[in-house]
C-alpha cells in the first residue's frame, strides 16, 4: 500500500490541505477561504471555530481528490500563520474571544508603554524579537484584560493559549494534546530562544499565567495521534512549524547563509544562520529556524507586513484588476514606473524600519500617471522592501547572498521576479514545487515517522523551475532605490500617536 504525507497549511486567508508523495510532489490540494473580521481600524480577527471546521473539511476533501484512504497517510504535518492568538476554555473547548491575527495593531499603544519602561531590550535579548504588537504576548494580555471573566478563568487554570498549530492539534486529538513547536513558540515574545523555555520574567511583566501555555517540542516528532472521529483511523501528527520556517525547510535551506523569500499576504525573508543565534543590529528578528535532530537551528528574519496583500487591495478596494494575474500584464504595458512609488504601509511598516505609525502612500504622481504605473509601483514595492531587508541581513550575518530562493503566490509573477533580481543584483530561483510551506511541514512530519530517511534524501527533491538573472544597469538601479527610500520616509510617522 503506497503511503503519503498530509500537510495542513493554515494560512492568513485560507485553510488548505496538500498531500505529497515520496518525491515531494503534490498529489492533491483542497482549499477553503475563511472570513476576515475587521472590528475597528487596524484590528484584524478570525473565528477559530470556522478555521477548525474548514481545516477539517479540506483534509477530507484532499483525500477524496487524491483517491486515497486515511490508512495511506503515514503522518500529518502542520504549518500555520504565526503569532495569531487563540485563547479557549479547556473545559468547554470554546474560544473566549476571536483569534487575534498577527496583522492586528490593537496593542501598539501598550507596546509603547513597555518601550518607555525599557522592556524592549529585555525582550530582544531573551526572545530575539522586536517589541511589537505583531507577536502573541500582548494579544494574550489584551484578551485577559478585556474579555469579561477571562483573567479569573486563566488564574484558575481553565484557559489555554495557543497559536493556530496548537489550536488545530488540540482539536485533532479531541483535547488530549496541548503542544507547540520551537518555531511557533519563538514567535510569542514569551519564549527564551537561548534557554529554550518559557521565560518566567516576561510572563511576570505581562501578567500571563504559565498554566495557559503549551508544552514546547521539536518541529519534527510525534506529538500524538488524531482522534478516530476525524478520519476513522488514528494518524500520527508528526510535524509542526510556523509557515515561514516551514517554507525555509521546504526550500531545503539547511546550511548557514541559505535564504528564501515567501511572497504571501506579507513577504518573509529568512536566512539560516546555523546553530548560532545572530543578534541583529539592523531591525531584523532572530528566530528559531527549526528544532530537529536533537538541536535547534536559528534564522534571521525580515517581516514585511504587506506583500501580496497590496495586490488584493488593487483588486478588491481599488478595483483596478479583476485577478491578481492581470497585474503582470498591466505592469509590462508601461516602460517604467514613471516616477510613481507606492509604499503599502497599511498597517505600519515592518523590517528594517518598524514604524507602527507609518501609513500607505502613493507618491510621485503627475498628470501622466496611469493605472498601469500604480499597478507596477505596487508590484515593485514588494521587491524594494525585500531589497531593504536583504541588505540588513547581509550586514548582520557578514554573509553575502549569492542567490535567493522564492515561493508564495506572487512568485509566479514573472515581472516581479525579474524586477526583484534586478534590484537585488542576485539570481532569483523559483522551484518546481512552489508549495514550499506545506512541503516543509510534510518533510518534518515524514522525517519523524521514517517516511524520509534524512535531509540529504529530501535535498535531492529540490529542483529549479526558472532562474531570473539581474539585467539592470547599476546607475538605474541606484536611482530607483533612492526614490523608494525617499518615499518610505514620507510614509513614516503619519498616524497621530494617542
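Backbone N, Cα and C define each Cβ position, glycine as well.
Cβ neighbour count for residue 409 (ATP binding site): 16 (other Cβ atoms within 10 Å of its Cβ, all protein chains included). According to Swiss-Prot, the feature ATP binding site maps to 12, 13, 14, 265, 308, 312, 409, an assignment based on sequence analysis.
Sequence-distant neighbours of residue 243 (sn-glycerol 3-phosphate binding site) (same chain, 6+ apart, CB under 8 A from its CB) are 9, 11, 79, 80, 81, 82, 262, 264, 268, 437. According to DSSP, residue 243 (sn-glycerol 3-phosphate binding site) sits within a helical segment. Taken from Swiss-Prot, the feature sn-glycerol 3-phosphate binding site applies to 12, 82, 83, 134, 243.
The annotation ADP binding site is assigned in Swiss-Prot to 12, 16, 265, 308, 409, 413. Shown in sequence order, 325, 327, 328, 379 are the residues of the chain, 6+ apart in sequence, with a C-beta less than 8 angstroms from the C-beta of residue 413 (ADP binding site).
As annotated by Swiss-Prot, glycerol binding site applies to 82, 83, 134, 243, 244, with the evidence given as sequence analysis.
Listed in sequence order, 11, 12, 13, 103, 306, 307, 308, 309, 312 are the same-chain residues six or more apart from residue 265 (ATP binding site) with CB atoms under 8 A from its CB.
In the three-state DSSP reading, residue 312 (ATP binding site) counts as helix. Among the residues the record lists as binding sn-glycerol 3-phosphate, namely 12, 82, 83, 134, 243, the two farthest apart have Cα atoms separated by 15 Å. In sequence order, 83, 102, 103, 303, 305, 350 are the residues of the chain that are 6 or more apart from residue 134 (sn-glycerol 3-phosphate binding site) and have a CB within less than 8 Å of its CB.
Candidate binding-site residues: 13, 244, 312. Fewest other C-beta atoms within 10 angstroms, 312.
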